[in-house]
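Student: One structure follows; several queries about it will come next.
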Amino acid sequence: MSSSRWLSQHLRLQIARRSFSSNAEVPPFQKLLAANRGEIATRICRAGAELKIPTICAIYSQQDRLQQHRYKADQAFSLNPDLSPVGQYLDIPGIVEICKKNGVDGVHPGYGFLSENANFANSLESAGIKFIGPTVENLSVFGDKTQARQTAERLNVPVVPGSANAVASVKEARDYIQTIGYPVIVKAAMGGGGRGMRVVTREEDLEQLFTTASNEAYNAFGDGRMFIERFVANPRHIEVQCIGDGTGDVIHLYDRDCSVQRRHQKVIETAPALDLPPATRKSMLDDAVRLLSDVKYKNAGTVEFLVDTEGRHYFIEVNPRIQVEHTVTEEVTGVDLVQTQIKIASGQTLKSLGLTQDSISVNGYAMQCRVTTEDPADDFRPDTGTIDVFRMPAGMGIRLDDGPGFPGAKITPHYDSLLVKITAKARERSEAIKKIVRALKEFRVRGVTTNKSFLLNVLQHDDFINKPVTTKFIEDHPDVLSPIISQDRAQKLLHFLGNVIVNGPEDKGVQQGVDSPHTTVEPPTFSPSNDAKPTLRSIYVNEGPEAFAKAVRDHEGLLVMDTTWRDAHQSLLATRLRTYDILKVAKATNIGLRNAYSLENWGGATFDVCMRFLRECPWDRLEQMREQVPDIPFQMLLRGANAVGYTSYPDNLVHEFCKTAVNHGMDVFRVFDSLNYLENMRLGIDAVGEAGGIIEGTVCFTSNLSSPRYNLEYYVDFVQKLVDCGIHVLAIKDMAGLLTPGDAKKLIGTLRQEFPTLPIHLHTHDTAGTGIATYLAAYEAGADVVDCAIDSMSGTTSQPSLGALMHSVPDNLSLNTGHVHELNSYWEETRKLYAPFESGQKSGSADVYVHEMPGGQYTNLMFQSGQLGLASQWSDVKKAYADANELLGDIVKVTPSSKVCGDLAQFMVANGLSKEDVLEQADTLSFPNSVIEYFQGYLGIPPHGFPEPLRTRITQNKPVFEGRPGAEMDAYDFPAKEQMLKEKWSNAAGHPVRDVDVLSHAMYPAVFEDFMLKTNEFGKVSMLDTPTFLTGMKIGEELAIQLETGKSLIVKLLGVGVPNEDGIVDVNFELNGQSRIAHIKDLSVSSTVKERQRALIDVAGSVGAPMPGVVVETKVKKGDKVNAGDPLVLLSAMKMETVVSAPCSGKVLNVEVTSGDQVNAGDLVVEIEEEYDHQEVA
């Protein structure tokens, strides 16, 4: 049997079954067609099914072919795809032909489109098809607002002063307005729904607003004529629902309050109206019935009124159709309006239906809100896109009328933005509000922006809850437009995972082909310590920095700072250690290393890497670590006047940074300068002291003590200057591991003699493998503290091994050996997760004594050289590093001075330059910026000055600093920067802009901006385990992701699609048992769809589309002169027209769009060469 024959038999069988099951009822029609789309089409289908109409039909445009109203019907017929998206639903001949061809005997037009079109009704009636709505005569009277007004005036129904007839031109409008004055409201002679309606307050705006409203009306209803009325200020908008049967018998179903509106389109409706004076209510109800009875009105209709502040009512119009808000009337009266419409159209009367005025009463309150795809915070800009998540609410007293919303639905700019109507019913209005608020909070839509937060703001506003509101409610309460940011954590997280799966690791430092093993590493658990002895941190917190320093000096034996959480992973794993893996072992560390001097865990390179690569806030990281580790002092690296950056900052910024760091849990600040430039250090020392932190003043060690420049006298003199600055602890920072055991004994011994009460803290790297020997020599000479790393994170360019030191001085370290070994086991397994960041270095190298490269830089520079194509010349880079150091003046090398040396070395190798070549060609070489800025003095002044004439030849005519670079900088304007960030990034990270965000932006503006962009796109990703964060998921893998206490996600990867023509890949997940899809752009695939150029945000003449939409008309062409405010392009989105105006005066360089083009928000539409006032510039 053929499929078509089978379908035909199947449909006949269905009809027969329906007829058999309802042989006691005669259906009002045999074949009903819903001549509309979206939720109202679905509503009509449902009403028809309940009336047991054998066949329910739908129509659909090409753009709506995937919408649910098509498949909710028994049959669905395609409209003419050659017409515009709206034009297809306005095609009277085409729709009538569909009805005739397919045996339709009743057509319900819904609201909008052709619902008030007398020609449509007449065409159907002429074809023997019932129009389920008013008669043609009714439509002629009330579909035309002019005739409706004349009828009201004849019956002495109060009206607002307005034009007797519709006007078609601006001139006619201007002539009439001269007789009544401004303000006026111009509104479409046909149609409604807020479209084709504008308030005009002054003559200068009339032409643009009239034209826009007229075009909007024409596009929506096929008639651009306008009606003009005096604008009544601050009224309530009350309407009366009526039903007539064409005999003159009309009843009302009481009133609805529709005062909460935007752009004259209703947003929230309530039945009955709150606190309406009884006399006003009775007069309105009587006038409504009298008006419709006079014309023998047939079917459902709504009489709309304005009620002023004195309680006087004025007739506005009759809407001769069902309305969007009919649901609230149905809920409080129990009358199914759509079914009643169908029954009356079939010939029944109010009497035969048992509908008399006495039988209608109001029971409780009902409230409806319209959830739309609009952004209230952006002037209700319509949004478009694909709905990824659509989870509807439910429960007692909640009704849903759904339309185009479902997972996977494409929201286009062609139609009304309504997604779903939510209606709540309760005995009291306050209870209805609570129900609808609860339902909105349950409702989830992802993929497009909705007005949900706006609705919640209105519904929870005290004025809305406690008293009647007017049509100016939104205008008078702009705070309701403030967005309630939905975190959207789950969908953003899936988008991040999908992006990693499709495009690979976001962090390009991940070595290709090196996987992070998907294993779970369990941390050790220790019993709490019974040691009653106060920890060093408790001494600091309770007694202050001086008491801390004295306790360190009085301590018997050697103290240790563990660098695992900062310098160790910076040296070995490109600073990529994530907070996730630190927090897992934090509690155990708090017990196992309780008696340590400190944990180095913040500052230096970890600050920007947190944002740049780990997608974490460094301040949150610090706060979380402190929460888990309350007993051990935290230590950070502070680059003096450079704070945690690579440049100079205003003094007040450095002070604020240190104060905030202390408030977030930082204790010890290792203050250093990359050139041992005391003036830079002095600012950091003062800032830490003022903040109440522990000042660990630092001298950076380089070369060896036999050096004529950096001999014993140099270091003793420098330390004296630090002591004079008021430091609490001395740090000797041997960043390259150059300090030999012999020099250590000599240096520490001398300093101990010179400064007997000053705690001495030694830091080195184990690049040459002599670290433990150096520490033992230093300890014997009087050092109080040394830096080590957990064994599995130690050695080579990292710090010496903590385990090795413990066993070398077993009786002199106050640490539990068993605990340390268990912590080592955790880090041994955890390090494997970071395999993609391993440098490949297998052993130490004694050539560090030649090139003097810091351990923290060694692996990073090795990676950078590979990126620059110099991997095979790594030995040459190391040699060039030594030459670069000499060219720079034999300097101390630590970030950022070490970066200057590394940049110069790579520059020399890449260009085949020797030291002599650089000296000879300095005038003509294009040096790296870091090198030029070094010679300008941006980092300060090196210990022995700048080498001349090289400095002069490199800087040439550029300005140079002869003192501290930041000394003359203006104070940082915190309020202004905070306001700027709030305007740009408020709630982008799921919280308001905080003081720490301002500091992060101040340190690294570009890095912070990128971090916020990514956080806004992907949300917080710090809760992901490291293998998943780095390399994504494998098909079939299931993860449990904890978002917060008591809230977790179960995510499973089901499959990965192939790129479509736009290069989009669908990544299929299962989230908490429900299917979710992430649509990911495959960056390796070129889209076949041309991507439009984006407007430049900071360039006034680069004019972007304010919203997604379709270009209706371009108003200018290339070469035109325009003034600020002139119209450039007319856009239409969801039947709302918007004029894109010139933001500045100038000459049109390019018009990037033409009529019919579809654009997204931000797409470039016009380029203007801005015209400047030359006198003002001069």
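Each Cβ is built from the backbone N, Cα and C atoms, and glycine gets one as well.
Features from TrEMBL:
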| type | residues | note |
| --- | --- | --- |
| ACT_SITE | R321 | active site |
| BINDING | K145, E229, H264 | ATP binding site |
| BINDING | R639, T895 | substrate binding site |
| DOMAIN | 28-479 | domain 'Biotin carboxylation' |
| DOMAIN | 558-825 | domain 'Pyruvate carboxyltransferase' |
| MOD_RES | K1135 | N6-biotinyllysine |
| REGION | 512-534 | region 'Disordered' |
Student: Report, as numbers and ranges, which residues of the same chain sit near the region 'Disordered' (512-534): CB under 8 Å and 6 or more residues beyond its ends.
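Tutor: Hits for the region 'Disordered' (512-534): 504, 542, 581, 584-585, 587-588, 591-592, 594-595, 819, 822-823, 825-826, 829-830, 832-836, 838, 1025-1028, 1030-1031, 1034, 1037.
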Student: Which Cβ among the binding-site residues (E229, H264, T895) has the fewest C-beta neighbours inside 10 Å?
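Tutor: Comparing Cβ neighbours within 10 Å for the binding-site residues E229, H264, T895, H264 has the fewest.
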Student: Just give the helix, strand and coil counts over the region 'Disordered' (512-534), going by DSSP.
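Tutor: Across the region 'Disordered' (512-534), DSSP assigns the residues as follows: 0 helix, 0 strand, 23 coil.
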Student: Can you give me the same-chain residues 6 or more apart in sequence from R639 (substrate binding site) with a CB-CB distance under 8 Å?
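Tutor: Non-local contacts for R639 (substrate binding site): G604, G645, Y646, F672, D673, S674, G684, T895, P896.
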Student: Which one of the recorded positions (K145, R321) has its C-beta surrounded by the most other C-beta atoms within 10 angstroms?
Tutor: R321
Student: On a C-alpha basis, identify the one among K145, E229, H264 that is nearest to R321 (active site); the candidates are the binding-site residues.
Tutor: K145
Student: Determine which residues of this chain, when K145, E229, H264 are set aside, have a Cβ within 8 Å of the centroid of the ATP site's Cβ atoms, and list them as they appear in the sequence.
Tutor: G162, I185, V186, K187, A188, M197, F227, I316, E317
